[in-house]
Amino acid sequence: YLLLSSLNPPYPHGTQATYNCRPGYVKIGRVAFRCDDGVWKQLAPVVECRNKPCGHPGDTEYGFFELTSGSEFVFGARVEYRCNDGYQMLSQRNYRECHADGWSNDIPHCEVIKCLPVQEPENGRIIMTGAFELGQEYSFGQVVNFECNANHKLVGAREIVCSANGKWSNDVPQCKEISCDVPEIPHGYVRSPKRSYKENEIMQFFCKEGYKYGNRADALCTESGWNPPPYCIEIICFPPEISSGNFRPQKDKYTLGNTISVECDAGYHFKVMTGSGATAECTKNGWTPEPACVRKPCDYPVIENGRLSSSYEYNRYYYFPRRFGETVDYYCLNDYSTPTGAFWVRITCSEMGWSPQPKCLKKCFVRELENGYFPGWNDFYKEGERARYVCHNDYQAQHKEVTCTRNGWAPPPRCIRTSECACILVRFLSKTICCNGNSPSQNDLAVNNLTYYKSFFSEYKTEAIHLNNILSIIY
């Protein structure tokens, strides 16, 4: 407002006017104006009226405030108070305003929210940490726990919490007697079931054909229900993994009663031989017998014209079959030889059976050969071996070589006498016929009316017969 020496305008030149601030505003220094040639001019220093400060409005316990009008705690400002979660405003006014004489009304107050008392459930009780009384109110955040008496189970929340809105998070639970209804078991059934089962009672059930128990054949009635849960699953056998072998038929899965045939690789055999051969059946316990191929053991070797050492021969049922890697020794009877020529040969039980295969080969002896001999120092040759023989002068070998077989030499070694024969000139033919082993063809002879020629090479002689004069030449 304005302070003047005279309040009646107009004001003459040089008149000074002093201003004071209105209530709620303050100034620093003096606000003065002077009439200068008909114009009011503010005298230095320039001073303005500003909002009067009120200071801090004050904090409230369990709450906070925010400035809703203005930007500073000065005249005209307004702050509003709010309570923390779980607390509510106790004061009628939740605000304060900055007036000319300071903040209006008292600082608002917050109080904790309360929840109504709870009652113990029938056949149950309340559990809390610390002291409490039935019928007392509960503060925000307090937790109440419940438990049931023996043979009863809790239906509902085991604990409830006093919420920020003054209500319990859940209703008070109930305590009901523990019982289990007869379950529905897919692919299974309960024989002579009860209406219901009490806690710790055992129920037995059965699975239908082609199905087996998922866990056990019985279940126990507990607070949480049947334990373990009763259920039946289809009996399924998955394709087996058979090392060193294979099987048929091939499927993704097999059901109860399905069978497979197992084929083992060379040197292996089916692990368990049954009356039905190398087969396995899908049962409730899986594959029976186990489909597997194992190394084939080596049975007593039957050696034609040979024998094992005496201990193995006389106790064969004790020593055989032999395991993989074990060895035995054998020898051959007279007139027979081992493949190496050694008297004793050791054989080993391997993946493919006895190795090397025990054999006794026929001996073909080099005895005195009529009109000839076998070169070298061998006393005999073994079955399968070939030999050449040499004949004396005037004799030649009937065959270039002979082979030792299980029946002896084939063909038999023989030396045949060699000599030039005189040629026979047939009177009626301009042919010369020689008996050197080359027989003329039948076209070269007039068998019926001229000359008949016959050669008996198997008996090593040649006969020439003339029609008129019989001439026999024998070598």
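Using N, Cα and C of the backbone, Cβ positions are placed for all residues, glycine too.
Please treat TrEMBL annotations as automatic predictions, because they have not gone through curation.
Noted in TrEMBL for the protein shown:
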type: DISULFID; residues: CYS83-CYS110; note: disulfide bond
type: DISULFID; residues: CYS148-CYS175; note: disulfide bond
type: DOMAIN; residues: 1-51; note: domain 'Sushi'
type: DOMAIN; residues: 52-112; note: domain 'Sushi'
type: DOMAIN; residues: 113-177; note: domain 'Sushi'
type: DOMAIN; residues: 178-234; note: domain 'Sushi'
type: DOMAIN; residues: 235-295; note: domain 'Sushi'
Looking only at the domain 'Sushi' (178-234), how are its residues distributed among DSSP helix, strand and coil?
0 helix, 27 strand, 30 coil
Going by DSSP assignments with H, G and I as helix and E and B as strand, what are the residue counts for the domain 'Sushi' (113-177)?
0 helix, 27 strand, 38 coil
Can you tell me how the residues of the domain 'Sushi' (1-51) break down into helix, strand and coil by DSSP?
0 helix, 21 strand, 30 coil
Quick check for the class: what is the C-alpha distance, in angstrom and rounded, between CYS110 (disulfide bond) and CYS148 (disulfide bond)?
38
Relative to the Cβ of CYS175 (disulfide bond), which residues of the same chain, six or more apart in sequence, are found under 8 Å away?
PRO121, GLU122, ASN123, GLY124, PHE146, CYS148, ASN149, HIS152, LYS153, LEU154, VAL155
Report, as a single number, how many Cβ atoms besides its own are within 10 Å of the Cβ of CYS110 (disulfide bond).
21
Restricting attention to the domain 'Sushi' (52-112), give the mean pLDDT.
93
Go ahead and report the DSSP secondary structure tallies for the domain 'Sushi' (235-295): helix first, then strand, then coil.
0 helix, 30 strand, 31 coil
